[in-house]
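Structure record follows, encoded as structure tokens.
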Amino acid sequence: MAKIGDIDVGEFPLLLAPMEDVSDPPFRALCKEQGADVVYTEFISSEGLIRDAAKSVMKLDIYEKERPVGIQIFGANLESMLESVEIVEKSGPDIIDINFGCPVKKVVSKGAGAGILKDIDLMVSLTEAMVKHTKLPITVKTRLGWDHDSIKILEVAERLQDVGCKAISIHGRTRAQMYKGEADWRPIAEVKDNPRMHIPVFGNGDVDTPERAVEMRDEYGLDGAMIGRASIGNPWFFREVKHYFKTGEHLAPPTLQERVEAARRHLQMSIDWKGEKLGVFETRRHYTNYFKGIPHFKEYRMKMVTSDDAADVFKAFDEVERDFAGYEFV
Ligand SMILES: Cc1cc2nc3c(=O)[nH]c(=O)nc-3n(C[C@H](O)[C@H](O)[C@H](O)COP(=O)(O)O)c2cc1C
């Protein structure tokens, strides 16, 4: 059984990765329903939070039904990070996660995200200060290192654990790799194999089939899998992996009815959460995957992604339901 602080997250939990503009409350709720054991918000700027920037503050919203949920924050300034911990606490998350892995230039150039991988002492002291500042469990998400020549993840993980970090999720790429190449899970397994490590070590990067999740569990011996891109427009990925764990067999893909229903609920929850305009706009990115495989779908997809009017999008869902009834996905 893996535990994050006092939170029991089950045996080999599946975690929904933090993803900017994707891991919002509606999407997290859908993933939770389909078997995600822990969900994370997208990264939230500590500077934005303390400035009370509406966009950052809105990202703190959580639904009761998605627990346990971690709110992820990023920053490199101690004062701002501590102040934002206090703001985050008011939203009542179960976990606070620190982003030490974002490779994007505008984040890294300020020494935040993966930028901190160049200053391990700061990474450790920031984590320690945050641990001391809250009763909530602090977890860290990071990468293997800054670049291939500076991979120190073994030392980093141990030091983070020693200052009270309650779990670590490691993306098996360096900052220099961005998203290129293949994630290397071997250094993550070395972290797990370190006899001094006792906190959960979650693997991340390229878990895109149930077989890969089994590999991460059985061959690499990690404590859980954090899943990102494979879940976009496919919240069913979690149940597929769990079914495969249990039976060794692949679950049939979701039916058309399930897909239409998920699209409807996703859109409705998004509208309820952020209003019609933003709700309609930001849910668009999921439709291609929801309905992937349906032939001659362009006309329907265009209706879903071009109208600003929610009623038109719901009407397009109805048409898909009617015109493709009984369509068998492979
Ligand atoms: C669209 C997108 C947004 C992301 N945003 C975040 C983020 O806010 N915080 C974070 O720690 N990682 C972020 N990531 C990285 C993912 O959490 C994850 O580490 C990466 O996608 C590798 O896992 P995967 O192969 O399962 O997708 C993002 C990735 C994607 C594709």
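Glycine too: its Cβ is placed from the backbone N, Cα and C atoms.
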Need one residue: from K141, K152, K192, the one TrEMBL lists with Q72, H171, G228, R229 for FMN. K141
With every protein chain in view, what's the tally of Cβ atoms within 10 Å of the Cβ of G228 (FMN binding site), excluding that atom itself? 21
Within 10 angstroms of C102 (active site, proton donor), Cα basis - binding-site residues out of Q72, K141, G228, R229: K141
Under 8 Å between C-beta atoms and at least six apart in sequence, can you list the same-chain neighbours of H171 (FMN binding site), or say none if there are none? G101, K141, T142, R143, L144, A183, N204, G205, M226
Students should find that the Cβ of K141 (FMN binding site) has, within 10 Å, a number of other Cβ atoms equal to 27
10 Å Cβ neighbour count around Q72 (FMN binding site)? 27
Could you tell me which three-state DSSP class K141 (FMN binding site) falls into? strand
